[in-house]
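> The following block contains the structure, expressed as structure tokens.
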């Protein structure tokens with residue numbers, strides 16, 4: 001098992017380096033008093049109860065171990081919160097970008113740093129052979145290492161980060177130097193008497209988080225660490241865990257005692273402080289159980305304690321089972337306790353058509369990457385009109401949460417693109433942030449950034465929920481195909497196609513035919529439009545359509561009619577419709593409705609959700625290079641799924657941007 005342990009520990013060094021990369025000390029320094037209080041309560045009470053429990057364990061199954069190291073190790077093991085595991089749970093529960101998610105992540109970050117400091121103290125004490133002089137010397141050497149790292153390593157890492165420009169590849173020599181520094185710092189801290197993990201963790205913290213340098217480092221080593229080294233570490237920990245040592249009423253009773261103590265300390269401490277901060281009861285309970293999350297960090301602490309002979313086999317097995325139990329119960333309990341969803345009331349301004357033209361027009365613009373942004377901004381600009389400050393755009397970045405996505409890369413991507421952690425006080429060089437910020441300043445349009453981090457199988461829920469929360473009038477979702485340089489259409493993947501279909505299915509919309517088009521297809525007098533065996537009845541909402549068309553024609557002067565043309569085309573069958581569409585080859589944007597299900601205009605289409613006209617315009621048979629906007633109208637009577645509308649917390653304002661489940665701006 002020596003080779004396995006060696007490889008696993010090397011991987012663990014780089015994992016702690018990744019954890020350090022994820023932690024932004026500036027954000028911790030700006031942590032609000034609420035999150036700071038929750039973090040301190042989540043450490044203090046379980047740490048005290050852990051020390052109390054250690055006296056019981058030491059008098060029963062841990063006789064003969066050193067008193068001081070055992071007390072500190074038990075306190076740290078009881079009070080720690082697994083930051084990466086918590087981030088993953090929040091993302092899967094769609095809480096990462098909510099207020100409760102932000103509070104939990106901020107508190108967990110503070111908890112993480114404090115736990116590592118306490119763990120360093122425990123390691124220093126455990127290696128001192130009950131000599132306070134040796135323990136003091138180890139701590140002083142550790143402080144000296146931090147000072148040297150701050151004044152020597154930090155400037156060097158900052159220099160390499162500055163030379164890594166946005167849009168240019170990072171030099172391999174910079175990556176090699178950084179990874180070599182990780183190993184060198186680990187060697188130094190291990191030589192001092194503090195565990196090698198601290199050196200890697202410190203180097204990760206010192207790497208500048210601005211620019212592409214940190215992101216490239218994560219991309220280079222994350223797959224190797226999470227895909228190979230960490231599973232080996234779990235295997236190593238599993239082989240060290242001898243559950244058979246837990247036998248007899250005493251051992252099982254101690255297991256129950258440890259679990260109850262760990263849960264009560266974390267949950268009670270976090271809940272009390274949350275209530276003192278005027279957090280509602282349900283949110284306080286959810287925060288309490290979220291902060292009780294254990295995981296890989298807990299296993300690291302326990303393995304260090306076992307290697308240092310502070311924890312024996314039986315105590316180690318009890319603590320491992322405690323960590324597994326507290327992590328397993330988090331997701332179902334939070335799901336049961338925290339249910340912010342309630343049916344959203346219909347909103348009179350949830351459609352494009354409205355009587356009050358001075359009311360605010362809200363748009364939810366979804367995008368996957370920078371490729372979608374120019375088209376979205378052009379479309380929004382064309383919708384702005386001449387009135388300023390009457391258009392509000394919610395720009396939501398759709399980020400995939402895959403099975404392999406780790407919390408570290410997920411949070412780093414959210415921070416690096418400025419959404420939802422858009423900090424206007426600091427310069428952000430991300431292209432998406434720059435594009436929307438520039439548009440906001442130049443056009444005086446209100447732009448509110450959002451982020452949806454979910455699996456592609458259910459990210460449509462974030463879109464529909466955001467639309468209900470923000471009470472938007474129109475949702476813009478990008479097509480799952482994009483045009484290549486040779487003119488052919490290239491698909492992003494079937495999963496993106498399904499996202500659009502699910503949004504169309506679950507959004508409370510049902511399009512009878514929004515005739516805001518320049519061209520109107522009408523049948524010959526006394527006839528109906530016949531597409532093979534299907535017939536489209538022209539009397540569906542006929543009176544409303546005619547009224548709107550009459551209003552459109554009457555509200556435009558003769559001079560305006562030159563740029564606002566209305567034309568009716570007589571068609572009798574599918575072939576004539578196709579010929580008419582092919583003749584419309586001078587337009588930049590086609591605005592079409594989905595229409596009722598009917599025979600498509602093309603023989604074979606993989607995009608029936610676009611409707612007969614939309615699917616034809618998106619096919620290769622229509623050769624004109626133009627944008628196509630397919631519209632589906634809002635139906636307030638539809639209730640296909642519950643929507644979330646979260647209450648604001650305890651009267652405290654926040655500078656954080658909007659999020660799919662976040663609090664609407666005041």
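For all residues, glycine too, the Cβ spot is worked out from N, Cα and C.
Note that this is a predicted model, so its numbers are computed, not measured.
The feature domain 'Cation/H+ exchanger transmembrane' is assigned by TrEMBL to 3-335. As annotated by TrEMBL, transmembrane segment applies to 6-23, 35-57, 69-91, 103-127, 133-153, 174-207, 252-273, 316-338. If you look up TrEMBL, you'll see 388-511 marked as domain 'Cation/H(+) antiporter central'.
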> Any chance the transmembrane segment (6-23) and the transmembrane segment (252-273) are in contact, meaning at least three CB pairs closer than 8 A with a sequence separation of 6+?
no
> In terms of Cβ proximity under 8 Å, which residues at least six beyond the ends of the transmembrane segment (252-273) contact it?
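Long-range Cβ neighbours of the transmembrane segment (252-273): 37-38, 40-42, 44-50, 52-53, 56-57, 60-61, 78-79, 81, 107, 246, 284-285, 287-289, 291-292, 294, 318-319, 321-322, 325-326.
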> Looking at 69-91, 103-127, 174-207, which one has the highest count of Cβ pairs under 8 angstroms to the transmembrane segment (133-153)?
174-207
> Would you mind listing the long-range same-chain contacts of the transmembrane segment (69-91), meaning Cβ under 8 Å and 6+ residues beyond its ends?
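19, 22-23, 42-44, 46-51, 53-54, 57-58, 62, 101, 104-105, 107-109, 111-112, 115, 118-119, 121-122, 125-126, 261-262, 265-266, 290-298, 301-302, 305, 308, 310-311, 319, 323, 327, 330-331, 334, 401, 405-408, 410-411, 453-454.
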